[in-house]
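To start, the structure itself, in structure tokens.
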Amino acid sequence: MQHLFEKLFRAESMSQEESQQLFAAIVRGELDPSQLAAVLISMKVRGETPAEIAGAAQALLADAQHFPRPDYLFADIVGTGGDGTNSINISTASAFVAASCGVKVAKHGNRSVSSRSGSSDLLAAFGIRLDMSAEQSRLALDDLGVCFLFAPQYHTGFRHAMPVRQQLKTRTLFNVLGPLINPARPPLALIGVYSPELVLPIAQTLKVLGYQRAAVVHGGGMDEVAIHAPTQVAELNNGSIESYQLTPEDFGLNRYPLAALQGGMPEENRDILARLLQGKGETAHAAAVAANVALLLKLYGQENLRHNAQQALEMIHSGQAFDRVTALAARG
């Protein structure tokens, strides 16, 4: 292990295998706090490479609790958090709407990073159990088209890094790992990142990790597809990556100010999204979810973004998406 420390302190990059070896030791609790802090800061200052991020993700996936992976096509829709916008839970709402559109979503998430209420805070407010077993979650995915995998339940090794992360009070590699370590190992993913500089590196990381098709997005300061500004996209499709920009108009949607997506505490967000998913919500909220669902549906081969957004809006207005929420809560 010492030779890897020396390599990092010389500002040299690790190979994917070296990174996997190092992070396997981290999740086993084999590094003391000062060593872990030194590793994370040296990587942050130099800038983590896609190979290093992929190696770290593979170490955490190897250490994760088993999830019975289905043989059908399914996706994750998840953001890094940490964008500081305190918006409503767009990706969580999008998962339920996408399921209502007929695709399968195994959403990996955690408690809040950037907003006052992360995806699991919101789901708990809806009465959805966070400690559902892997088998129960798989059945929900089969039957309802949506399940939620609570990160701390599957990634117990994360706890070894938590005290150091809290003391450092700065973003580290762990801030981008969350979306990459879904224990269900989805072949498709829509991943939002907190910085435009991360869009291409995370897409390159997804390629290394073997994703079939994925899109990494950052829109006007948000780790989502934006409806107030252009969205930067890096799309991975069978090994090749294409970078492009999307505007709300590409989805056939109007623009809305970022302030229109302001969220609140978990109970407030629950009420906002309950109204939205029952077809009684704000038009800006519906548009934001429709844009994200539209890009997710594209990963399934539905290439027409305007058509996809319209399909999502129709599903939102029908109130069918909320039926998935109540059905998932009823499985508690």
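Using the three backbone atoms N, Cα and C, a Cβ is placed for every residue, glycine included.
Taken verbatim from Swiss-Prot:
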BINDING   GLY79, ASN110  anthranilate 1 binding site
BINDING   GLY79, 82-83, SER87, 89-92, 107-115, SER119  5-phospho-alpha-D-ribose 1-diphosphate binding site
BINDING   SER91, GLU224  Mg(2+) 1 binding site
BINDING   ARG165  anthranilate 2 binding site
BINDING   ASP223, GLU224  Mg(2+) 2 binding site
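When the neighbouring Cβ atoms lying within 10 Å are counted for each of the binding-site residues (HIS108, ARG165), the highest count belongs to HIS108. Around GLY79 (anthranilate 1 binding site), the C-beta neighbours below 8 angstroms that are at least 6 residues distant in the chain are SER91, PRO179, ILE191, GLY192, VAL193, TYR194, ASP223, GLU224.
Around SER91 (5-phospho-alpha-D-ribose 1-diphosphate binding site), taking its Cβ as the centre, 27 other Cβ atoms fall within 10 Å, counting all chains.
Local packing around the binding-site residues SER87, ASN110 was summarised as the count of other Cβ atoms within 10 Å of each Cβ; on this measure the leading residue is SER87.
Taken residue by residue with DSSP, HIS108 (5-phospho-alpha-D-ribose 1-diphosphate binding site) is part of a strand. Using a 10 Å Cβ-Cβ cutoff, GLU224 (Mg(2+) 1 binding site) registers 28 neighbours. Across the fold, the C-alpha of ASN110 (anthranilate 1 binding site) and the C-alpha of the residue listed as 'anthranilate 2 binding site' stand 15 Å from each other.
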